[in-house]
Structures are given as structure tokens and as C-alpha cells.
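Visitor: The structure under discussion is supplied below as C-alpha cells; questions concerning it will follow.
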Amino acid sequence: MTTTTTKDAKPSDVVEDATDDAAHRSTEPVGGIAGLIAKVVASKPVRVFQNYGNNGGPLLASGMSYQAVFAIFAALAVVFSVFGIVFSSNQGLQDALISQLNSSVPGLIGENGAIKPEALTSASPVLGWTGIVAAAGLVFTAIGFLGAMRSAIRLIFNIPGPTTNFVLLKLKDLGFAIVFAVVLLVSMAMTVASTAALGFVYDLIGLDQASPFAEIVGRVIGLVVVFFFDTLVLAGIYRILSGVPIPFRQLLPGAALGGVAMGVLKALGSTLLGGATSNPLLASFAVIIGILIWFNLICQVVLIVASWITVSMSDAGIDPRQLTPEQKEEEALQTEADAHRQVLEAKHAQLTSELQDARGLRKTNLRRSLKRIDRELEAEKKAPAIDPAAATPPRKR
């Protein structure tokens with residue numbers, strides 16, 4: 001570390017000395033309880049939850065879970081109405097879908113659940129204008145949840161909402177919902193196929209399918225399929241639905257972490273909801289309360305993982321904003337202006353210190369220099385600040 005003591009020191013030397021001093025102080029080891037607290041505060045999990053809380057994560061999750069309750073019932077009505085013919089003729093596919101939905105949302109479908117299985121399987125296909133209009137309203141309700149999720153994730157990333165046309169955004173949400181349904185059907189088919197394949201293998205080797213070993217293998221395969229499904233869906237939510245340009249190096253580990261968290265929640269779902277809904281005062285609507293609590297937990301996982309990805313990108317020096325070349329140029333100009341102002345302030349402080357000991361002509365020159373710097377600083381204060389995030393790229397002609 002160097003220290004400038006001469007009166008002819010350059011302003012840049014003053015800035016460098018101050019930077020070196022700050023860096024030296026920040027790298028000095030701190031021992032004891034203060035050092036332990038500093039390490040904990042600087043750890044990634046703590047910074048993730050700080051970012052999650054500072055951007056209103058719990059409140060956003062509550063709003064998302066409220067919309068999710070309406071969206072899931074609307075989605076079920078549409079799915080079982082549109083594909084009712086296929087499900088009614090394929091009992092295995094129907095049971096697999098209900099089992100998959102119950103594993104994702106405990107207490108949703110069942111004799112003691114929010115929806116009776118026969119109510120879904122007996123849903124009539126969408127026929128006529130009345131059915132089409134009703135289905136359109138249900139679809140709009142379902143994809144409204146996706147829009148809320150997009151807004152919440154972008155707030156966690158601390159970036160403004162997309163400027164895409166409203167209609168195009170809704171079409172994008174509809175496309176994402178269709179892809180999600182297809183992926184759900186594929187994972188469901190994989191579960192059915194893997195179960196049938198295991199049964200065939202067990203018959204070949206003479207192993208009882210009801211044995212503990214067979215049950216454990218089937219359970220593990222089911223968990224692996226669910227993990228890959230959740231990871232794929234979360235990756236699509238963060239990268240495609242939200243429209244945030246997340247590099248795969250930060251996206252895949254974050255989505256996998258979310259897949260593990262989702263798996264743990266699903267494994268403990270009945271236990272978690274059983275304790276929350278055991279209050280006798282909630283007996284009349286315990287199922288709905290349980291579903292609302294469940295969606296709140298899921299939405300919190302989605303946003304906490306989004307915060308994890310945000311911190312990972314920040315640690316890697318990656319800006320989550322999609323800047324145009326014009327916005328990047330304006331940001332560079334703003335950075336240059338900030339650096340110039342810091343140099344002027346450092347030079348002003350240096351000349352003010354020298355003025356106290358100056359005499360005669362040198363004192364007059366120092367006063368003139370200070371007035372000139374004051375005018376430059378005043379002009380920079382009056383100049384409008386550059387906001388690259390709010391800048392609008394020029395229209396194409």
C-alpha cells in the first residue's frame with residue numbers, strides 16, 4: 001500500500017490510495033465472535049434469504065399460492081374435459097394421472113380430498129359453444145397464475161417486467177401450459193412403463209413384486225422420475241417463462257436444488273399438512289386450507305431457488321437484465337461519469353487541504369481551481385441521471 005504525502009500528488013493517486021486502504025481494511029482478518037458473524041452473514045445461504053426477504057419473497061409467495069388454488073381447479077376442469085374420452089377408455093393412464101397429481105398436491109383428489117375421483121372421470125368433453133366459452137374462461141384463469149409467477153420471479157431478480165405485448169405474453173403462457181401438460185403426460189407414461197418393465201423383470205427372475213426389495217426399487221425409480229420432471233419444469237419456469245437470460249451454469253444447479261427441495265416436500269407432504277390441518281376449528285374446510293398451505297410452501301421454494309440463482313449470477317458478475325447495445329453504451333457512459341465525479345471530489349478534498357497552508361499567489365490559484373471544480377460538480381448534479389434499465393431502444397424504421 002502506498003501513501004501520497006507530497007503537495008503535488010495527482011488526484012488519481014488519492015483515489016488509488018483510498019481504494020487500497022479500503023481493500024486492506026476489508027481483507028484484514030477479524031477474529032472471535034465478530035469474525036464468525038461476518039462469515040455467516042457473507043455466506044451464500046444467508047445472502048440468498050436476504051435477497052429473498054428484501055424483494056418481498058414471502059408476500060409474493062402468498063399471492064402466488066392464492067392464485068394457484070384457483071388455477072389448479074380450473075386446469076383440472078379443462079384437462080379432464082378435453083381428454084375425458086382418452087381417460088375413460090384407459091383406466092391405467094387415468095389412475096397414473098390421479099396418482100401423479102396427488103403426489104404433487106397432497107389431498108387434492110381422493111375420497112377425503114377436495115375433488116372426488118369419479119367427479120373428474122365423469123367430466124363430459126367440451127362440446128358446443130357453451131363448453132368452449134367455459135373452457136376459455138378456465139384456461140384464462142389457469143394461465144393467469146403463470147403470469148403472476150413470472151412477475152414474482154422477475155421481482156426476485158430485481159428486474160422490471162417484460163415489455164412484450166399483453167396478448168403475446170398470454171399466448172406464451174398458454175404455450176408453456178401446454179408444454180407443461182405434455183411433460184406431465186410423458187413423465188406419467190414413463191412411470192407406468194417403468195412399473196410394467198419392473199414387473200416383467202421380476203417375473204423373469206422369480207421375484208415377488210410385493211417384496212420389500214421390489215417396493216424399494218419401485219420407490220427409488222419413482223423418485224428419480226419425479227426429480228427429473230421437477231428439475232425440467234423449474235428450469236423452464238426460470239429461463240423461458242420469466243424471460244430472464246440465465247446461463248446454464250447457474251440455471252441447472254439451481255433447478256436441481258429446487259427439484260430436491262420439491263421431492264423432500266412431496267415425501268413429507270402428508271406429515272406437514274396433517275399437523276397444519278388437525279385443528280378442530282378447521283375441520284369444515286381443512287382440505288382447502290391444506291392445499292393453500294401446500295401451494296404456499298411450493299411457491300416459497302420456487303422463489304427461494306430463484307433468489308439462489310440470482311446470488312449465483314451476482315457472484316459470477318452476470319447481469320440478469322437484457323440490455324440492448326444502446327443501453328449498454330449508456331451504462332458505460334454513466335460509469336465513466338461516476339468515475340469522473342469521484343476524481344473531482346478527491347481533487348477537491350486535496351486542494352481544500354492544501355489551501356489551509358497556502359500563501360500568496362498559490363492560495364489564489366488554489367481558490368480558482370476549487371471554483372472550477374465546484375462548477376463542474378454542480379453541472380454534473382444538474383445533468384439527468386442515466387438509467388440503462390429504463391432506457392427504451394430506438395424503434396426500427
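Glycine residues also receive a Cβ, built from the backbone N, Cα and C atoms like all the rest.
TrEMBL annotations: computationally assigned, not manually curated.
As annotated in TrEMBL:
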- 341-383: coiled coil (COILED)
- 1-26: region 'Disordered' (REGION)
- 68-87: transmembrane segment (TRANSMEM)
- 126-153: transmembrane segment (TRANSMEM)
- 174-196: transmembrane segment (TRANSMEM)
- 216-238: transmembrane segment (TRANSMEM)
- 250-269: transmembrane segment (TRANSMEM)
- 281-311: transmembrane segment (TRANSMEM)
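In terms of burial and nearby residues, how do these features look in this structure?
Guide: Outside the transmembrane segment (174-196) by six or more residues, the chain places 75, 79, 92-93, 96-97, 100, 139, 142-143, 146, 218, 221-222, 225-226, 228-229, 232-233, 236, 240-241 with a CB less than 8 A from a CB of the stretch.
Same-chain residues lying 6+ beyond the ends of the transmembrane segment (216-238) with a Cβ under 8 Å from its Cβ atoms: 103, 149, 153, 176, 179-180, 183-184, 187, 190-191, 194-195, 198, 244, 246, 251-252, 254-256, 258-260, 262-263, 266-267, 302, 305-306, 309.
With a threshold of 8 Å between CB atoms, the same-chain residues lying at least 6 positions outside the transmembrane segment (281-311) that come near it are 44, 47-49, 51-52, 55, 57-58, 60-62, 64-66, 68-69, 72, 105-108, 112-114, 149, 152-153, 156-158, 234, 237-238, 242, 246, 250-251, 254-255, 257-258, 261-262, 265, 269, 272-273, 320.
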Visitor: Do any residues of this chain, six or more beyond the ends of the transmembrane segment (250-269), have a C-beta under 8 angstroms from a C-beta of it, and if so which?
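Guide: Distant contacts of the transmembrane segment (250-269): 103-104, 106, 223, 226-228, 230-232, 234-235, 238-239, 294, 297-298, 301-302, 304-306, 308-309, 312-313, 316, 318.
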